[in-house]
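As written in TrEMBL, here are the features:
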- CYS221: active site, nucleophile (ACT_SITE)
- ALA99, ALA100, ALA101, PRO102, GLY103, GLY104, LYS105, GLU123, ASP168: S-adenosyl-L-methionine binding site (BINDING)
- 1-282: domain 'SAM-dependent MTase RsmB/NOP-type' (DOMAIN)
Amino acid sequence: MSLPTDFIEKYEQLLGAEAPAFFESFQEPAVAGFRTNPLKENQQSFEEKIENMPWSYYGKVSGKSAAHVTGLVYSQEPAAQIVGQAASPKPGMKVLDLAAAPGGKSTHLLSYLENTGLLVSNEISKKRSKILVENIERFGARNVLVTNESAERLARVFAGYFDMIVLDAPCSGEGMFRKDPAAMEYWSKDYPSECAVVQREILQSAMEMLAPNGQLIYSTCTWAPEENEDIVHWLMENYDVELLDIPKINGMVAGIDLPQTARMYPHQFKGEGQFVAKFRYRGEARPSKKKKGNTSNLNREQVQLWQDFAKANLSFQAEGILQAFGDELYLLPHDLPDISKLKIARNGLHLGTFKKKRFEPSFALGLALRSEEVKQRVEISNEDFIRYAAGQTVAVSSDLPNGWYQVAVAGNGLGFAKIVSGTLKNAFPKGLRFS
Ligand code: SAM
């Protein structure tokens, strides 16, 4: 891999004696990793555990495997996993992931929240917000609102609201050079300073949304001090924040002259490049505009159709506000301010679709529920899973009564489907099928 000359000069200066080992590491392949998902009912152990990180493994998991398709694993390189671990939100917290797609940090945060509290997972790009929704749904969490907004517009609704905000900022991406050499094409000597302008803008809005004592986790996948330590200094000069210590594990090192912050270099930490800082907001409560909350908008027929379906098929307490968007029914988490002015990509948990005189459960609901929360579940073999994911029907025991079933493979839900006379009809979403 040949690195830009300006990049080499910059890091020769910055790293001194460490520089040769750092440059040498670019000749090695990128490190792959993944996390397992503690929200899934049937856990599995994999081979190469990463020490000091609760759900982390080295290696790759196929996107066509049952473990991936049921959301038991999420692929994420090890250094990026340090961000969620540094955040470690406590159950019950209200958390915002401000630049969330494709969802690596959000899914990690959800692992800590254990389906309590709330995660607002935001992505400014509409196209990327769709991928984010797909990944959040596969993960099977219930307490998530996915928005497609700018930080500035979010701040108008969520002033002083969050206990924790994660900003995994858009950055110059130096730490991704090894994984994605195309990132080098965008890079120039001035690029980090240009990115820093955007980072400060987003942070201004982030700060408006923190509750007193709230925590801010700021991360980038670059080594450029302009986007890392300089941003930390700027925050400390302009806001009432204190830096919190990030434990240095597995070869992480302290940021430049900021011992509480953390850097990951590939010649020291087995992973790609990352910087993380954590702050506590010591300032006053922000005046939040007390607006009305959100209410259910279902008509009487829709309420009836949902209740009939739920009574017959579910043993699950739908905690939240039932809201229909067209024919789609969602369960919006409680305690949110009025979000009617925001662009929403996923209005909470997608429960299903109203069809003429009936209700059909969503794939997302069947990914989220556990076996004790459904009345009927059918477990299919891995061979049948391969057929099912390709869009085929699956033969099941003819003793099974007709009706809706949660489909499961290796003990984890894979949507709902109907059994009719010993055949499991295919309800695997067309856009996700593969063979
Ligand atoms: N946190 C994600 C994860 O772990 O999967 C990766 C986020 S990526 C480093 C940065 C994200 O910031 C991108 O998805 C990008 O679309 C978004 N972004 C770009 N410009 C932005 C802006 N001005 N405000 C907010 N987000 C922005």
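Note: Cβ is positioned from N, Cα and C throughout, glycine not excepted.
Structure with TrEMBL features highlighted.
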| residue | record | DSSP (3 states) |
| --- | --- | --- |
| ALA99 | S-adenosyl-L-methionine binding site | coil |
| LYS105 | S-adenosyl-L-methionine binding site | helix |
| ASP168 | S-adenosyl-L-methionine binding site | strand |
| CYS221 | active site, nucleophile | coil |
Rounded Cα-Cα span from LYS105 (S-adenosyl-L-methionine binding site) to the residue listed as 'active site, nucleophile', Å:
13
Most crowded position, judged by CB atoms within 10 A, among ALA99, ALA101 as binding-site residues:
ALA101
How far apart, in Å, are the two Cα atoms that lie farthest from each other among ALA99, ALA100, ALA101, PRO102, GLY103, GLY104, LYS105, GLU123, ASP168, the residues recorded as binding S-adenosyl-L-methionine?
12
Under 8 Å by Cβ from LYS105 (S-adenosyl-L-methionine binding site), same chain, sequence gap 6 or more:
ALA80, VAL83, GLY84, ALA87, ASP97, VAL166, ASP168, SER219
Using an 8 Å cut-off from the Cβ centroid of ALA99, ALA100, ALA101, PRO102, GLY103, GLY104, LYS105, GLU123, ASP168, can you name the remaining same-chain residues around the S-adenosyl-L-methionine site, in sequence order?
ASP97, SER106, SER121, ARG128, LEU132
Under 8 Å by Cβ from GLY103 (S-adenosyl-L-methionine binding site), same chain, sequence gap 6 or more:
TYR74, SER121, ILE131, LEU132, ASN135, ILE136, PHE139
Return the average pLDDT for the domain 'SAM-dependent MTase RsmB/NOP-type' (1-282) as a whole number.
97
Inside 10 Å of the Cβ of CYS221 (active site, nucleophile), count up the other Cβ atoms and send me the figure.
26
